[in-house]
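A quick write-up on the structure given underneath.
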């Protein structure tokens, strides 16, 4: 149990460090691109950004973050590592508002708070038992009939989306290409998990390079990542980033959690409280990411607030209490009528 807890802590720390480095990398690269000052920009086909040290620092941070994320899968369950990737969006949004003067409105701040709360809940309730610790056990898991059925369903549905739904609805429906990325991404995370275990055994002195499973996982990982990048770029080219990003995060994380539950049986030994807590934490993160992206460009002025919350405006209820029931003109006419009657 002590070694298992240490492995979980190492995986959690690597996942958090990965989110921090990846989130900071976007800001550093953006800062480097803004310093070009009239030189040929990247959007115009130029490569002047290669001379900016800030851009290279961002690229280095991206590499360190991806390496930490890769290593995190070797120590912690994928059900924990994958949802925590949302924190990179949070780090990028907060640092952009500080160093790039990009406005973070009320919806974005609420989304950041919800993402932190949801991540905390998921860390508390995430499965901590590691079911796969060697390539031999990984091979046994891959032969499980449940995973074979899941993998066949993923491949068949992806082929139908690519060759049938893509030509017809790919240009008008954002779900077509995003579903391809998410479904194939669940298999790529499984490959990353297996390769992480293989690297752990390699560093411990075991002859892992002679095992064919490691090479098969590497080839499958390259194919899956190539498909993901291709169709994610198509989705981003057709639709708005603020639409693609939250939908992709939700579908990708859901697919990964489903695949992990089937392949690694991460939820098998969890009590009902932890299952409900993990699902609730995930839905909270989803809500935060949705608020952070969907309403990112929506202006939020004080005039949209209720009257009693607007600065410099008196409370409507209090002002109504102190107002006379009848206008002054009506009161004057009423007193004249009373005098005539008398």
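Glycine residues also receive a Cβ, built from the backbone N, Cα and C atoms like all the rest.
Annotated features in TrEMBL:
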type     : residues : note
TRANSMEM : 6-28     : transmembrane segment
TRANSMEM : 53-75    : transmembrane segment
TRANSMEM : 81-100   : transmembrane segment
TRANSMEM : 107-126  : transmembrane segment
TRANSMEM : 146-167  : transmembrane segment
TRANSMEM : 174-198  : transmembrane segment
TRANSMEM : 213-231  : transmembrane segment
TRANSMEM : 243-263  : transmembrane segment
TRANSMEM : 275-295  : transmembrane segment
REGION   : 314-342  : region 'Disordered'
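By the Cβ criterion (under 8 Å, sequence separation of 6 or more), the transmembrane segment (107-126) is not in contact with the transmembrane segment (243-263), since fewer than 3 such pairs are found.
Contact between the transmembrane segment (146-167) and the transmembrane segment (6-28) does not hold: fewer than three of their C-beta pairs are under 8 Å, each pair 6 or more apart in sequence. Residues 7-8, 10-12, 14-15, 17-22, 24-33, 35, 81, 85, 88, 130, 189, 192-193, 195-197, 199-200 of the same chain, all 6+ positions outside the transmembrane segment (53-75), place their C-beta atoms under 8 angstroms from a C-beta of that stretch. Below 8 angstroms of C-beta separation, residues 77-79, 82-83, 85-86, 89, 141-142, 144, 146-147, 150, 154, 174-175, 178-179, 181-183, 185-187, 189-190, 232, 235-236, 282, 286, 289-290, 292-294 of the same chain, each at least six residues beyond the ends of the transmembrane segment (243-263), sit close to that stretch.
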